[in-house]
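Report on one structure; see the data block that follows.
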Amino acid sequence: MSEEDGQDRTTWISPVTVSDDSKTTKRVPSRPGRGEVFARIIGVRKAVTNYETYIGYEIETVANRDDYPSDVCVVERRYREFDWLHKRFQRAYAVLFVP
């Protein structure tokens, strides 16, 4: 697929992997403690369209909570969504430093 035909071009840049001898495997997340949630970026991709180029992050959450619908969830988010969330935190917690 190319930019000319109006289709997305997607390139996965760096999934999280671990080498074990000559084999490369994806890391298996450890089970979080009761009530905890772990989140990590497991992949990054660059998408190119006719109108824009953006970076997408594949995020995996592993939860050990009764109020979560599943133990493991994988979603894709764009950088601008993290930027939006950061600004919301800054407004909501104006007296705190939000890294």
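Numbering starts at 1 and runs along the chain as displayed.
Glycine residues also receive a Cβ, built from the backbone N, Cα and C atoms like all the rest.
In TrEMBL, annotation is done automatically, which means it is predicted and not curated.
So that you can see what the record holds, here are the features copied from TrEMBL:
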COMPBIAS  9-19  compositional bias 'Polar residues'
DOMAIN    35-99  domain 'PX'
REGION    1-32  region 'Disordered'
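Secondary structure counts, DSSP: the domain 'PX' (35-99) has 14 helix, 30 strand, 21 coil. For the domain 'PX' (35-99), the model gives a mean pLDDT of 90.
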